Amino acid sequence: MPEGPEIRRAADNLEAAIKGKPLTDVWFAFPQLKTYQSQLIGQHVTHVETRGKALLTHFSNDLTLYSHNQLYGVWRVVDTSEEPQTTRVLRVKLQTADKTILLYSASDIEMLRPEQLTTHPFLQRVGPDVLDPNLTPEVVKERLLSPRFRNRQFAGLLLDQAFLAGLGNYLRVEILWQVGLTGNHKAKDLNAAQLDALAHALLEIPRFSYATRGQVDENKHHGALFRFKVFHRDGELCERCGGIIEKTTLSSRPFYWCPGCQH
């Protein structure tokens with residue numbers, strides 16, 4: 001499943017295609033959304049916001065389209081004259097004079113009014129987004145030490161969107177390798193230096209991935225570009241200590257780590 005950096009890249013692509021352009025055609029597959037089709041004609045997308053793995057497409061009439069791709073949903077950008085060839089099921093079409101964005105296969109789609117943005121179950125539950133430029137290491141440190149999270153092992157905590165939105169499995173293993181910790185550690189057991197390093201890594205690594213990577217299968221090293229240190233590298237040598245990277249399962253997900261320098 002795509003993680004925060006990939007979701008934000010997708011949002012950037014959608015914005016670049018249709019932001020600020022009048023909508024000439026709008027179509028929704030779900031009957032409960034049909035009434036909004038005519039309300040959106042002539043309106044425009046003001047911005048596309050990410051909340052972890054959910055997208056919020058904001059319109060100029062104050063409506064907001066909530067969508068969560070889950071495992072199978074995918075957005076596509078096409079020329080308006082193009083007829084995409086795909087076996088996927090179309091759920092949403094937002095068309096402008098030159099570009100159209102299409103959402104396929106997703107099932108978690110709703111239209112929200114402004115007051116619903118603060119009461120929607122997922123949006124209420126999700127924590128601060130790691131790609132939010134206003135989120136600071138100090139706030140992350142406070143969350144790590146809060147009664148709600150301080151006793152939880154990082155193996156599960158770093159996958160919990162209620163802690164920080166936008167983290168996922170590859171970010172989990174890369175962050176823990178960066179700070180030399182294991183999935184079994186808990187925030188309450190860290191010293192001040194470890195806690196500070198973790199709080200910074202929880203923001204810096206996702207933001208670096210977003211800025212320089214964007215696709216899960218891009219694992220090339222060009223200068224300072226993001227590359228995996230341990231993810232999918234079991235059996236290889238750790239570049240930090242020379243140990244052998246191992247693979248196990250933690251919180252029902254593959255976990256990659258170096259026993260030589262993560263302890």
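Residue numbering: from 1, along the chain as shown.
Just so you know, glycine gets a Cβ as well, placed from its N, Cα and C.
Residues 229-263 are the range that Swiss-Prot records as zinc finger, among 54-88, 124-158, 229-263. Separating the Cα atoms of Pro2 (active site, schiff-base intermediate with DNA) and Lys53 (active site, proton donor) is a whole-number distance of 8 Å. Look at Arg253 (active site, proton donor): DSSP puts it in a strand. Here Arg253 (active site, proton donor) is compared against the recorded positions Glu3, Lys53, Gln70, Arg125, Asn169, and the shortest C-alpha distance is to Asn169.
Separating the Cα atoms of Asn169 (DNA binding site) and Glu3 (active site, proton donor) is a whole-number distance of 8 Å.
Cα of Gln70 (DNA binding site) to Cα of Lys53 (active site, proton donor): a span of 8 Å. DSSP classifies Arg125 (DNA binding site) as helix under the three-state reduction.
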